[in-house]
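Here's the structure we're looking at; comments come further down.
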Amino acid sequence: MSEKRIGMIEKSNNKRQRVTQDRPEFSINDHHDVLVEILRRLDGPSLCSAACVCRLWSAVARNDSIWEELCFQQVSPRPSLSLRSVVSALGGYRCLYFLCIRPVLARLPKLLWTRDQLQLSLSLYCVHYYERLYVGAWIGDAPPSSLMFLRKPVNVV
Amino acid sequence: MKRDLHQYQGRLPNHGTSSSSSLPVSKDKMMMVKEEEDGGNMDELLAVLGYKVRSSEMAEVALKLEQLETMMGNVQEDGLSQLATDTVHYNPSELYSWLDNMLTELNPPPGAAASNVCLDPILTSPEIVNNNNNSFLTAAGGDSSRIIPASDYDLKVIPGNAIYQQRSQFAIDSSSSSSNNNQNKRLKSCSSPDSMVTSTSTATQIGGVIGTTVMTTTTTTKAAPATAESTRSVILVDSQDNGVRLVHALMACAEAVQQNNLTIAEALVKQIGCLAVSQAGAMRKVATYFAEALARRIYRLSPPQNQIDHSLSDTLQMHFYETCPYLKFAHFTANQAILEAFQGKKRVHVIDFSMNQGLQWPALMQALALREGGPPIFRLTGIGPPAPDNSDQLHEVGCKLAQLAEAIHVEFEYRGFVANSLADLDASMLELRPSEIESVAVNSVFELHKLLGRPGGIEKVLGVVKQIKPVIFTVVEQESNHNGPVFLDRFTESLHYYSTLFDSLEGVPSSQDKVMSEVYLGKQICNLVACEGPDRVERHETLSQWGSRFGSSGFVPAHLGSNAFKQASMLLSVFNSGQGYRVEENNGCLMLGWHTRPLITTSAWKLSAAH
């Protein structure tokens, strides 16, 4: 967080004195909504790094709208609002991103990120939610997870 | 001292008094080790050194020693390597017999063929383990330079109480029928030994040969307590050839079964078991399952009925769902077809012939929830077999789906039907509403082929489907003809098919899921090969066969759109980076295959205008 302050200060280097004297100190941590707006514009890896900065930022980063923005960054037109209710019912955008979208993106060329990939990710996510309803009913202790194929490293034969 | 049947030959602790009763049974001629009779007259001088030689045999012993010396001098480079890696397997203090053994070992008489039976890891048949440590057959017509040192090709004694007893020998040999079986036929080796797919060409060429040679040796352990393993060198040519040999043995065994030649089939099946163990990866698993199925067929052991195992097979199918993309492909493509057919409809009804755990429907419900115009009222009728413990599994599945539907705000209605077979269904049971109000889709994933076993089954079901008047009828089936009238053809087809399937599984990291998936496929193999009549439910047929059947019943194909193709391709490229899997379009139907071989097909059908 001090980085931002330093950044602001470094930019107006020659006006350094004036900054500290004339303006009250601005701490981003006091303005969560501004922080959210900033985080919304980040890409995946940067957002994850930002979430590791401190506890406050980590808590703020759990705001699902940030992740929603991330999921739909390159998709246009924007999907309908009903999608939001569906996704939050299934576990939220953050989980969707980590479980489905990020692995899918990693395995497909970036150029192809369209609604189709989104639709596929949503379907897989939905199946995942459904399977979690079955915890404890299977041979072995681990609940079934059809998304394991996305998580495990794959042997390229 | 009575000896039991599992006693090995050759090295007996020398007690001097021996009643050579109950010698092991042997079929053909073999070099009998000369038993020590009531031994007296040991040469005293040699006895001091530890060698027991009878005075009467001294001259012969001397002669043989000379022979052995010359032979060891003459043998080519690798010829003696097996001696280097042996544990002590002969008691050299019994000099006479030891020499005999050594001589015959290094210089086998032509045509010495013992038809010993190999210990089969699969079958625990309590047959006599025949011991013959003298039938060393060299590869390639006696060329001793073909003897390959032990390391990679050892056949270790199979441990286990049921089939291996401490001091028994373990011998494998070719079948006794061919007299020239110390000639190794030069077989074309495959380019990829671990995959059985490429060996098909050779298999079809030499399909009818029985008893292509297997060169192995015997193993002896001198009462090695702890390890109980022996490392006798195996005179094999190459593991590649071994794979080809395995395929040939499978084909030969199937042919023997076809001709009802059960004795030969029995011998071959044991051979297959041994060969399979020497392979690795997919080939080994496929061969093991096929060998087991053949054994069941030969010995008429029927596998457990399908109905009893249905909950187990549900679970296995779940694991199969997770490990590989076939079922996901099936579900996603069928869902896409149904989604497109339901466009604009306000009330929809899906009748699912293959309910299992209802894994197909969450994705469809989610797609319906997010479609333009909002979700329709979604009604699902699931049909499944009765559960063994009388639990209402269909009901539970329905509850979970209802939970999901509530979460994503889709109005949901569910009904479950238990039926032993789809042919027991009737359209009136399904409580269909008039078609202006409700649009119906019928879905069947890997279920229709089970009806082909009963006469009239499939026709009845297709008639019921016609009565239902669905807007779309989605069918997913295996793409292979496993329903021919001739057993051998079915066997060949299924061997290729399941080899390809298992090959595709090889890329998956090992896990319990993978094992369960293999068991799932193994059960299908077992049913296919070992059962007959109404018990044989795995009667797969190809798309063209189904197409003609549907066509003659009044259905016309409905082309799956490009959306389905795109989604399927994407799914596969996410799976294992798409290596190896191929989606093909064939007359409006989508086929998923591994490399060049299509494995499953999704097709959609609607009633022709006349109906």
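Just so you know, glycine gets a Cβ as well, placed from its N, Cα and C.
Here TrEMBL gives region 'Leucine repeat II (LRII)' for one range in the set B:264-296, B:396-428: that range is B:396-428. Taking TrEMBL as the reference, the stretch among B:153-157, B:323-327, B:438-442, B:448-452 described by the feature motif 'LXXLL motif' is residues B:448-452. Within the chain carrying the region 'Leucine repeat II (LRII)' (B:396-428), a Cβ under 8 angstroms from the stretch's Cβ atoms is held by residues 307, 353, 355, 357-358, 361-362, 365-366, 368-369, 375, 377-387, 447-448, 450-451, 454, 456-457, 460-461, 464, 467-468, all 6 or more beyond its ends.
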